[in-house]
Amino acid sequence: LSTAPGADGIVRRIEVLAAKEGTNPAWALFALSNPSDIQITRLLVAPFFRMPGSGLFTPDLGNARISALTPSAGLRPQRQNDPEADVFEIILDPGATVTFAAELFNAQLPELYIWEPGAYRDYISSFTLFRGTVLGISGLAAVFLTIMFVVKGRGVFPATAAFSWAVLIYLLIDFGVLGPLLGVDNGSVQPYRAASEAGIATTLFGFLFIYLNLHRWHLRFLHLAMALSAIMLALIAFAFLQPSIAATVARSILVILGIFGFALIILLAIRGYDRAVMLVPTWIIYLSWLTFSWMVLSGQISNDIAQSAVAGGLVLMVMLMGFTTVQHAFAEGQVSLGSVSEIERRALALTGSGDYVFDWNIERDRVNVSTEIHTRLGIREGALRGSIKLWLDRVHARDRDRFRTALDTLVELQRGKANLDVRFSAHDGGYRVFRMRAKPVLSGSGSVSRIVGTLQDVTADRASRERLMHDAVHDSLTSLPNKQLFIDRLERALIRARELGGTKPAVLVINLDEFSLLDERIGQSAADSVLLAVSRRISRVMQPMDTLARTSGDQFAAILTSSDSATKIAEIAETMRRGLRTPFNFGDQDVILTASIGITIFDNGPASATEVLRDAELAMYYAKRLGGDRIEAYRASARSIAAYSEASEKDLERAINAGELQVHYQPIYNIQTGKITGAEALMRWNHPSKGLILPSEFIPLAERIGMIEKIGRLALRQAANQTGDWINNFQFDENFFVSINLSTTQLATQSLLNDLRTMVTENPLLAPHIKLEVTESQVMVNPEQSAYVLSALKAMGLGLALDDFGTGHSSLSYLHLFPFDTVKIPAQFVQMSENAGLSHTQGPIMRAIISLANELGLKVVAEGVESTDELKRLRELNCQMAQGFLFDTAMSGNDLQRKLAAQYSK
């Protein structure tokens with residue numbers, strides 16, 4: 001090497017060998033001159049790490065700088081022990097100029113300092129107090145926040161404490177304290193410095209996410225945060241492989257957090273989120289710190305205190321975050337507990353209601369819920385206590401967004417109430433429906449600290465509502481669409497054909513020939529089974545896009561849209577007819593049915609769905625007129641077939657207005673005493689030309705034309721008036737009653753309750769002597785509505801009788817569910833002749849019915865008693881009451897009054 005010119009101006013050459021043979025290190029060459037006339041001693045200082053000018057990206061994270069220092073003349077410089085720099089003591093003779101060759105550890109040598117030894121010691125000592133203070137504050141903050149997490153249990157405390165610990169570790173490395181503790185030379189701590197910067201970025205992200213409760217806004221936010229946290233944690237490990245790259249990424253994250261975090265905080269603060277409002281000052285300081293750090297790293301600020309100022313700024317942020325966190329946590333804790341008695345009253349009220357308490361602590365993201373809900377769902381106790389995510393996992397997929405949105409709205413608006421039905425999965429894989437009512441609870445600072453409310457199991461109510469909705473448009477026996485739904489679907493099919501050019505629908509009406517006779521012969525229960533089989537046979541002939549409905553007792557209707565070919569439709573109808581002729585096997589006998597089928601094909605005319613169905617019915621009537629068991633297509637002349645039916649309709653309407661419909665009474669006798677104990681009210685039509693017409697002839701007509709409710713109301717009024725007259729004329733005991741049959745239509749209307757309530761109010765003595773009869777099939781049409789109506793009637797003091805007991809589908813369950821006080825055994829079980837029923841089983845059936853009724857405290861009435869043998873059998877079975885032709889036929893009120901006079905005269 002060529003030296004610098006000496007005092008004599010001569011340039012000399014020197015040879016310097018590397019400290020390690022065979023290496024080719026980087027070198028630094030400089031010269032020092034002592035122009036004074038005395039020997040001087042100086043310190044040459046090369047800091048391991050100097051932040052100013054170290055760079056923001058791919059930074060210089062510090063390193064040992066000088067491995068050896070060789071002078072051109074004089075004494076060899078002596079290395080001094082210093083934890084933060086390479087320090088050499090240099091002695092310069094008076095007037096000497098010495099050239100120094102410095103062998104470097106790497107090519108980077110940011111700065112060299114020449115210090116007077118005393119001044120250097122003073123410089124180092126001047127930072128000792130500052131560093132000790134900063135480390136003390138940072139350490140205390142980290143410990144304090146960790147303890148607060150243990151005490152308060154809030155999730156924000158460990159997030160803030162983690163940031164404090166990360167800052168403390170960074171300061172220990174920056175101040176040269178941690179390296180010796182780890183046994184690492186401070187000139188080799190680059191991986192640890194990069195890892196600490198990555199730790200600061202990771203914990204700051206966690207603090208922002210947890211403090212702002214971003215995980216509750218959407219589950220995807222939580223998943224994204226977890227993914228980013230995993231990446232950042234991996235960055236800490238990566239710092240030990242590529243420290244410079246890891247530090248670059250960490251610093252980039254800190255800048256991104258500063259910018260986007262500030263935008264998010266301002267957005268939430270504008271919306272009134274108090275946590276964001278409290279964090280605004282801290283984030284402004286953070287942005288200021290970022291700006292100052294950038295100026296230092298880029299070399300725009302390069303003085304001795306710049307690096308210490310950056311460290312002090314970090315500690316200031318720790319203190320601000322700690323103050324913000326503590327203030328918010330303690331402000332939320334200031335809730336009014338109220339008086340103990342008030343809390344106890346509310347707790348008892350909740351316990352009595354059977355609802356389950358729901359309490360979501362937003363700060364801790366912990367849900368507490370009543371223990372009983374676990375039993376209701378059949379899951380282990382405590383399975384629903386924890387993060388709200390546990391609830392989201394159990395909520396039905398279609399209810400999940402609604403559930404999350406309801407909670408988010410309460411938190412965001414900080415007021416209001418949530419009221420929604422949510423399905424939760426049970427242990428068996430099914431779902432139970434809970435009605436959730438919740439509202440937010442505000443802390444002393446005005447923010448939402450928790451959401452509390454109740455959960456009510458409404459699974460049964462939901463099922464009842466769905467059944468009501470289904471039953472409103474479906475037949476209860478076959479589950480096929482009823483006439484109302486059939487008309488709606490037909491109207492839609494007509495619109496598609498008329499306006500959209502779709503397939504022209506064909507309508508078929510299938511009526512079973514003489515089905516009423518079959519009903520009387522085999523009984524209602526067996527006839528219902530036959531109807532089910534009929535519906536299945538017809539359905540098998542049809543395509544999925546077709547519709548089959550049951551429009552009345554023995555009548556079905558079909559909409560065919562799978563084909564508009566007349567030939568194809570005729571083939572389908574013929575297949576139906578032949579299929580119904582195939583015998584139905586019932587017990588030890590075969591049942592053979594025939595059907596009359598009417599067909600009409602829509603012709604794009606203006607006819608409505610009702611008119612099209614009417615045309616198909618006319619064709620069916622024409623088929624019946626020709627003897628039945630045949631198929632007829634609609635023709636215009638078929639309208640004349642309806643003339644008789646239409647005349648009958650007008651005749652019945654005239655009869656009602658003319659008072660030709662009168663109630664007759666069939667006496668009911670006490671079997672043991674032989675006295676009249678009641679009567680059944682039966683409607684009769686006194687036709688001026690046809691004579692007395694039985695209900696079986698005009699009731700179906702009344703049901704078809706919608707007059708059954710009017711006739712039922714007429715029967716109620718006449719029977720009530722007659723019973724009221726008897727009460728005034730005779731001294732009845734409490735056991736005498738008049739039973740009145742209710743129709744299915746009456747049972748489904750509110751007007752029945754209104755009429756009877758008015759009747760009982762006008763004559764309070766009437767209620768104990770009126771008994772209302774319904775059949776099992778009527779109750780089965782709509783069990784929920786029937787239960788409501790029957791309970792209301794019972795509450796008025798009226799009696800209730802279950803007619804045709806034993807012929808329906810769920811007799812025993814009805815006795816348990818409905819408030820009947822009397823059961824009536826149908827004639828098919830009472831009559832002894834072979835052609836009246838299944839005689840070899842009717843004895844045990846009657847014995848079981850009577851025994852069961854007596855056990856339940858119910859009265860028993862046997863119907864259709866026609867022989868003394870039948871009466872004897874009933875006495876042996878301990879049956880209480882009976883009616884039938886053996887005693888009396890139905891008679892007018894005046895005739896029955898004469899019979900009552902002998903028993904109940906005043």
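Yeah, the Cβs are placed from backbone N, Cα and C, and that goes for glycine too.
TrEMBL lists 129-151, 163-182, 194-214, 220-241, 253-270, 276-297, 309-330 with the feature transmembrane segment. For 418-470, the entry in TrEMBL reads domain 'PAC'. Per TrEMBL, the feature domain 'GGDEF' maps to 503-636. Here TrEMBL flags 645-904 as domain 'EAL'.
Spatially, the domain 'GGDEF' (503-636) is not adjacent to the domain 'PAC' (418-470); fewer than three Cβ-Cβ distances between them are under 8 Å for residues at least 6 apart in sequence. Annotation: stretch 194-214 has the most Cβ pairs under 8 Å to the transmembrane segment (253-270), among 129-151, 194-214, 220-241, 309-330.
Counted over residue pairs separated by six or more positions, the transmembrane segment (129-151) shares at least 3 Cβ pairs under 8 angstroms with the transmembrane segment (309-330), which defines the two as touching. Here the transmembrane segment (194-214) has long-range neighbours at 61, 155-156, 159-160, 162-163, 165-167, 169-170, 173, 221, 225, 228-229, 232-233, 235-236, 238-240, 243-244, 246-247, 249-251, 253-254, 257, 261, 264-265, 268, 273, 275-276, 279, 314, 321, 325, 362, 411, meaning same-chain residues at least 6 beyond its ends whose C-beta is under 8 angstroms from one of its own. Proximity of distant same-chain residues to the transmembrane segment (309-330), defined by a Cβ-Cβ separation under 8 Å and at least 6 residues beyond the stretch ends, is recorded for 51, 130, 134, 137-138, 141-142, 144-145, 148, 152, 154, 156-157, 160, 163-164, 167, 170-171, 174-175, 200, 207, 211, 274-275, 278-279, 281-282, 285-286, 288-289, 292-293, 296, 363, 445, 447. Helix first, then strand, then coil: DSSP counts for the domain 'GGDEF' (503-636) stand at 60 helix, 35 strand, 39 coil. Residues belonging to the domain 'GGDEF' (503-636) score a mean pLDDT of 85 in the model. Taken through DSSP, the domain 'PAC' (418-470) splits into 12 helix, 30 strand, 11 coil.
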